[in-house]
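**Q** Found this in Swiss-Prot, in case it helps:
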- D13, I14, H15, H40, S41, D62, I63, G64, T138, T139, N140, E141, R148: 4-CDP-2-C-methyl-D-erythritol 2-phosphate binding site (BINDING)
- D13, H15, H48: divalent metal cation binding site (BINDING)
- H40: site 'Transition state stabilizer' (SITE)
- T139: site 'Transition state stabilizer' (SITE)
Amino acid sequence: MKNMIALTGIGYDIHRFAEVPRPLMLGGVHIPSSRGLDGHSDADVLCHAIADALLGAAGLPDIGYWFPPGDPSCKDIPSLDIVAKAVSLIRERGGRIVNVDSSLIAESPRISPYLEQMKGALGAALGISPVRVGIKATTNEQLGALGRREGIAAFAVAAILMPEDLTMP
């Protein structure tokens, strides 16, 4: 068996609310809201932050490299597919996901009623138990663009195990 090394990565994403009607997706779950987020994909900030955390932990390029914003094939794709791609890239290199932890920052809508559903969707995409998926929701205390309800942001941290020989110079 190969020696494995624990690695961590951090991800962040922010999207403004769309000017045109579209669904609000967070953590792969449709959240009832009068406003969705603007973006090339489904604009799921939580999935994007988690994918970037995973890619960063593995020392791989960020999601913009794998899913360029101007690429028509990426238009409106489900962001759980972006998470699945990050997981696939890690597994192709002999790695595995240990856990993720994240925070959503939004004044509205109220997110807490959907946290368990998000953990289930993300756990399935990550190939881990939902108990290893942390999601917290907080506000920006009415400060800045997020406080003015102009958008939603997310931070995420991911822990992965990778073969040690892949991490050596």
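Every residue gets a Cβ built from N, Cα and C, even glycine.
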**Q** Rounded to the nearest angstrom, how far is the Cα of R148 (4-CDP-2-C-methyl-D-erythritol 2-phosphate binding site) from the Cα of T139 (site 'Transition state stabilizer')?
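**A** Cα of T139 (site 'Transition state stabilizer') to Cα of R148 (4-CDP-2-C-methyl-D-erythritol 2-phosphate binding site) measures 11 Å after rounding.
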**Q** Just to verify a number: CA distance, N140 (4-CDP-2-C-methyl-D-erythritol 2-phosphate binding site) to H48 (divalent metal cation binding site), in angstrom, no decimals.
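**A** Here the two Cα atoms lie 20 Å apart.
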**Q** Using an 8 Å cut-off from the Cβ centroid of D13, H15, H48, can you name the remaining same-chain residues around the divalent metal cation site, in sequence order?
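**A** Residues close to the divalent metal cation site, other than D13, H15, H48: I14, L37, G39, A43, D44, V45, L46, C47, A49, A153, A154.
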**Q** Have a look at the recorded positions (H15, H40, H48, R148) and report the one with the fewest Cβ neighbours inside 10 Å.
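**A** Output over recorded positions H15, H40, H48, R148: least Cβ neighbours within 10 Å is R148.
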**Q** T138, N140: which of these binding-site residues has the sparsest Cβ neighbourhood within 10 Å?
**A** T138
**Q** Any same-chain residues 6+ apart from D13 (4-CDP-2-C-methyl-D-erythritol 2-phosphate binding site) with CB under 8 Å of its CB? Would you list them in sequence order, or say none?
**A** V45, L46, H48, A49, D52, A153, A154
**Q** Quick one: Cα separation, R148 (4-CDP-2-C-methyl-D-erythritol 2-phosphate binding site) versus H40 (site 'Transition state stabilizer'), in Å?
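**A** Spelling it out, the Cα of R148 (4-CDP-2-C-methyl-D-erythritol 2-phosphate binding site) and the Cα of H40 (site 'Transition state stabilizer') are 23 Å apart.
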**Q** With the cut-off set at 10 Å between Cβ atoms, which of these recorded positions ends up with the most neighbours? Options: S41, T139.
**A** S41
**Q** Quick one: pull the CA-CA distance for H40 (site 'Transition state stabilizer') versus H15 (4-CDP-2-C-methyl-D-erythritol 2-phosphate binding site), whole Å only.
**A** 10
**Q** Do any residues at least six apart in sequence from I63 (4-CDP-2-C-methyl-D-erythritol 2-phosphate binding site), in the same chain, have a Cβ closer than 8 Å to its Cβ, and if so which, in order?
**A** H48, A51, D52, L55, I82, A86
**Q** According to DSSP, does T138 (4-CDP-2-C-methyl-D-erythritol 2-phosphate binding site) fall in a helix, a strand, or coil?
**A** strand
**Q** Between the two most separated Cα atoms in D13, I14, H15, H40, S41, D62, I63, G64, T138, T139, N140, E141, R148, the residues recorded as binding 4-CDP-2-C-methyl-D-erythritol 2-phosphate, what distance in Å do you get?
**A** 30
